[in-house]
Amino acid sequence: MAGAPRGQGGGGGAGEPGGAERAAGPGGRRGFRACGEEFACPELEALFRGYTLRLEQAATLKALAVLSLLAGALALAELLGAPGPAPGLAKGSHPVHCILFLALFVVTNVRSLQVSQLQQVGQLALFFSLTFALLCCPFALGGPARSSAGGAMGSTVAEQGVWQLLLVTFVSYALLPVRSLLAIGFGLVVAASHLLVTAALVPAKRPRLWRTLGANALLFFGVNMYGVFVRILTERSQRKAFLQARNCIEDRLRLEDENEKQERLLMSLLPRNVAMEMKEDFLKPPERIFHKIYIQRHDNVSILFADIVGFTGLASQCTAQELVKLLNELFGKFDELATENHCRRIKILGDCYYCVSGLTQPKTDHAHCCVEMGLDMIDTITSVAEATEVDLNMRVGLHTGRVLCGVLGLRKWQYDVWSNDVTLANVMEAAGLPGKVHITKTTLACLNGDYEVEPGHGHERNTFLRTHNIETFFIVPSHRRKIFPGLILSDIKPAKRMKFKTVCYLLVQLMHCRKMFKAEIPFSNVMTCEDDDKRRALRTASEKLRNRSSFSTNVVYTTPGTRVNRYISRLLEARQTELEMADLNFFTLKYKHVEREQKYHQLQDEYFTSAVVLALILAALFGLIYLLVIPQSVAVLLLLVFSICFLVACTLYLHITRVQCFPGCLTIQIRTALCVFIVVLIYSVAQGCVVGCLPWAWSSQSNSSLVVLAAGGRRTVLPALPCESAHHALLCCLVGTLPLAIFLRVSSLPKMILLSGLTTSYILVLELSGYTKVGGGALSGRSYEPIMAILLFSCTLALHARQVDVRLRLDYLWAAQAEEERDDMERVKLDNKRILFNLLPAHVAQHFLMSNPRNMDLYYQSYSQVGVMFASIPNFNDFYIELDGNNMGVECLRLLNEIIADFDELMDKDFYKDLEKIKTIGSTYMAAVGLAPTAGTRAKKSISSHLCTLADFAIDMFDVLDEINYQSYNDFVLRVGINVGPVVAGVIGARRPQYDIWGNTVNVASRMDSTGVQGRIQVTEEVHRLLKRCSYQFVCRGKVSVKGKGEMLTYFLEGRTDGNSSHGRTFRLERRMCPYGRGGGQARRPPLCPAAGPPVRPGLPPAPTSQYLSSTAAGKEA
């Protein structure tokens, strides 16, 4: 999901289950928690303060603006000489406080304000608010004052300064950036001071003083309760949003590491330009008729082929682990030499190693690089032979010319090179001599006489060179170039044959002695994080984050300086709230993106029930005040009872829906409607009290009677009821607007519209009544105070609503963006994993991705029974030709790519899921079955079942090639060899890791192909024994001479005895033998390639098996 952060501040119901708990701990769903919540780690707490700095700064500016406006309004009223009760200590202090608040406002408005400085400003503002509040208490400095009605009043009244203290208290909770405990202490001190001063200075003989003090105490309690709730919930929402964003950033960084690791792994297998192009097409396949070919042409490179002479005898004694270790040590060393000599290793085929210089980066001295590479390889293997007293040597062949490089097929990509010049380099290796670098005349011309050479006489040892009259030379090194000291073999007797373990040990020691070389474990260089300490700290922090139970005690990060925290710190330094606000509409604060706005509204408000409970408590407080000081009215009493009952019903309903896990029923529209109705209902109770207390019409004759309309339109004059508690009724109206502040997730726009309506009704009620003529109390003669109070309260609530809305929306935006980036990285990870699984067998790739780099060992696996298949197209070499008209052979390779791609698509079928493509070697396709590990309790398939799958695949390959011939008017013929037996699978080559299988089984399977007959499937006697029980039909071929094995009895697989393969395909001998065109349309024939039997480049006749890579794994004995 993009854009909706799971479990973010109050949104635990939308998105990932448990997301909120992960951020808030087990108690995260309670309405409010103990104060003083903060992270245990100072570093994380500092990050959170930095995260909220700009928003806290904006809130502080709003608080100082309200306080300045309050002090300024009171100062202006004093300046204009508004009548009122006897002057107290506040006389003359309001202008001073106004100046102080304005000065703090200017200081706070500095852009470069730091967290500590903002906290100091908040503390100063709280201190000045305390002095302001104390001076507003009902102290008396002078004698009796005269009311506007002319009546004498006491020296002070109990209601004096209450609304100012209520407003200052709420501002300290909702907008000032001070600690929660400090704000609570402020609220308690202010309330206690007013109550004590009132009790001490108001004349005790005033009737019902205790009732007035009780009403004041209830009002202070209500405001403090609402302030604490707003304070705690706002901070909790921000902390949860911060942790949610941090979790996403942590996951993103972890995924970034994994993706970087996967990218490095991908780059180690393929050149960057090829890998990036293939990755893009693999993830978003373009619509096209033909499969895209990833081939590039390089016209001036040098190709080196090298073969280890005598390796077969050395490896014949080894175990699986020893063989993989030996190969990795040798070829790891060769990879290091290739890097030093600016060569790129292309592939390892058995014990054959070939590389190219000048491929990825053009080099003018590519021939020199390859010669140096060949000489270094000879020196290396000579040192091995001397140290182990094993007859090992290296045969190296070089040629300079043109290559086509890239990847063929759709699965198990392997970078390779093709061209007639590659073929010639391969022949140069086969026609060379051990310990010599064999070069052609073309390569010699590129060396500019920098090396001494001698005639190679390659034509005397190779028919190919003799037929094409190719002159060859040997490089004559001037001296022994590189000697590997450090091995002492005095304890080993030369006459005694060494065991393989001894040979392997000495070989490993030898490989390590030069430049402290140690062959890397394959993929270890791409698995290791650059800073393991950072990774360890990140992992520790992650575990603690997931295991914490609360904010205050078990929160994360005992390890300071983690990578995630440093990353967030840099983000916060670059964060600009103004830019984030650009995503919001300035007036409505809605997101400009409709989809994001919809997802924001889908977040559930887990504190909505708590807000309703608080509204119920406030209604109960109004009921107590009504009973204490306000004249009772049946209408007001009924309204109060209805309000309490409705709120109780709402609370029960919300609790039931929450217990039954139906949070989705409270949509944003329902929550907004409930919020408006509850606020209007509670405010109506307070307004009803006001209506009952204020005189609505006075007779023109007397101030002591009230004119009302009776039934029938008659006017009735009633005696006026003294209502000294009208001030408390008006205070209830002010406090009645506070429920708007506790519904945090209701948008600010409906709140401000509702505030406007409530304020208007309040003013209308006051102006239409004669409230200035109410006898006694603080309202007597102070007509400005009720209007000033409601305007300041409404202004404060409007600013707070907008501030909370901005906070929640920016928190959501930050968390959503972090989660979107995390999800993007997750998609990249999955995409990279798909690509890696296309480069390596899935279980092998997963092994390296899951392994700890520090504990990673060589990957190897022994298998007792594996089916191996080689399928070649021997007459493709007759088809291949390099001409300007076909882009020097690219179009011919395009058709080969179509053939291999169709074979790959055939393997994608579910029936062939147990098959594993190993590689392609020129036009030879190599696959195996029985390599995948069995998962859990899944029954292991028998080798007979595996061989049936392999045989059916081979049969289907004939049909696929037959279809291609039909479409392209070609006559390609398939030749297949199958064998079964033990193999060793592993990954070798640290810098260019490569998965392969080795063993006598692989060699014999290759011989079954190379000694086979076109259009037939040749199998060994063991395969015949296992498959004849599965209704397959065979023809005995007889004894066949196999290199390294002598005479072997082989069979031709003809198909099933019932004429069908195991999944309904038919395999007919006549189709295999006659695959050429049968008429009809064409779809894939490359226009520039001849259909059959083209002349190969002059002087280069077709090779009998593979013109490209004659020194293949098929011809090597591992």
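We count from 1, first residue shown onward.
Placement of Cβ uses the backbone N, Cα and C atoms for every residue, glycine included.
For 1-18, the entry in Swiss-Prot reads compositional bias 'Gly residues'.
Per Swiss-Prot, region 'Disordered' is recorded for 1-27 (among others).
As annotated by Swiss-Prot, transmembrane segment applies to 63-83 (among others).
Under the heading transmembrane segment, Swiss-Prot lists 87-107 (among others), citing sequence analysis as support.
The transmembrane segment annotation in Swiss-Prot covers 124-144 (among others).
Residues or ranges marked as transmembrane segment in Swiss-Prot (evidence: sequence analysis): 157-177 (among others). Remote same-chain partners of the transmembrane segment (157-177), defined as residues 6 or more beyond its termini with a Cβ less than 8 Å from a stretch Cβ, comprise 56-57, 59-60, 62-63, 66-67, 70, 74, 85, 88, 90, 118-119, 121-122, 125-126, 129, 132-133, 136-138, 183, 186-187, 190-191, 194, 198, 202, 206, 209, 212-213, 216, 219-220, 223-224, 226-228, 230-231, 234, 727-728, 731, 734-735, 738, 741, 777-778, 785, 789, 792-793, 796, 799-800, 803.
Annotation comment: Swiss-Prot describes 182-202 (among others) as transmembrane segment, evidence class sequence analysis.
What Swiss-Prot records for 213-233 (among others) is transmembrane segment, and it gives sequence analysis as the kind of evidence.
Residues or ranges marked as Mg(2+) 2 binding site in Swiss-Prot: D307, I308, D351. If you draw a 10 Å sphere around the CB of D307 (Mg(2+) 2 binding site), it holds 24 other CB atoms from the protein chains shown.
The ATP binding site annotation in Swiss-Prot covers 307-312, 349-351, R395, K919, 996-998, 1003-1007, K1043. Secondary structure at I308 (Mg(2+) 2 binding site), as computed by DSSP, is strand.
Annotation source Swiss-Prot lists transmembrane segment at 610-630 (among others).
Swiss-Prot lists 634-654 (among others) with the feature transmembrane segment, giving sequence analysis as the kind of evidence. The list of residues near the transmembrane segment (634-654) in space but at least 6 beyond its ends in sequence, with Cβ under 8 angstroms from a Cβ of it, reads 608-609, 612-613, 615-616, 619-620, 622-623, 626, 666, 674, 678, 681-682, 684-685, 688-689, 692.
Swiss-Prot lists 673-693 (among others) with the feature transmembrane segment, giving sequence analysis as the kind of evidence. Listed by sequence, the residues of this chain that lie at least six past the ends of the transmembrane segment (673-693) yet keep a Cβ under 8 A from its Cβ atoms are 611-612, 615, 618-619, 622, 626, 630-631, 633, 635-636, 639-640, 642-643, 646-647, 650, 723, 725-726, 728-730, 732-733, 735-737, 739-740, 743, 746, 750, 754, 758, 761-762, 765, 774.
Among the features that Swiss-Prot reports, N-linked glycosylation site is placed at N703, with the record citing sequence analysis.
According to Swiss-Prot, the transmembrane segment annotation covers 724-744 (among others).
If you look up Swiss-Prot, you'll see 752-772 (among others) marked as transmembrane segment, on the strength of sequence analysis.
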Mapped DSSP class for D351 (Mg(2+) 2 binding site), helix or strand or coil: coil
Neighbourhood of I997 (ATP binding site) by C-beta distance under 8 A, where only residues 6 or more apart in the same chain count: V866, V868, I918, A928, L931, V983, V984, A985
Binding-site residues clustered about D351 (Mg(2+) 2 binding site) [Cα within 10 Å; pool: R395, V1004, R1007]: none
Same chain, 6+ residues apart, C-beta under 8 Å of the C-beta of V1004 (ATP binding site), given in sequence order: N979, G981, T1020, V1042, K1045, M1048
Residues from the same chain, set at least six apart from the ends of the transmembrane segment (213-233), whose C-beta lies under 8 A from its own: 31-33, 35, 37, 158-159, 162, 165-166, 169-170, 172-174, 180, 183-184, 187-188, 190-191, 194-195, 198-199, 607, 610-611, 614, 617-618, 621, 624-625, 628-629, 725, 728, 731-732, 735, 738-739, 741-742, 744, 800
Among the ranges 182-202, 610-630, 752-772, the one whose Cβ pairs under 8 Å to the transmembrane segment (724-744) are most numerous: 610-630
When distances run from the Cα of D307 (Mg(2+) 2 binding site) to each of the binding-site residues L349, R395, R1007, the nearest one: R395
Long-range Cβ neighbours of the transmembrane segment (610-630) (under 8 Å; 6 or more residues past either end): 31-32, 208, 211-212, 214-215, 218-219, 221-222, 225-226, 229, 233, 636-637, 640, 643-644, 647-648, 650-651, 654, 674-675, 678-679, 681-682, 685-686, 689, 692-693, 725, 728-729, 732, 735-736, 738-739, 742-744
Euclidean distance between Cα atoms of L349 (ATP binding site) and I308 (Mg(2+) 2 binding site), Å: 11
Sparsest-packed among the binding-site residues, when each Cβ's other Cβ atoms within 10 Å are tallied, from G310, L349, D351, R395, R1007: G310
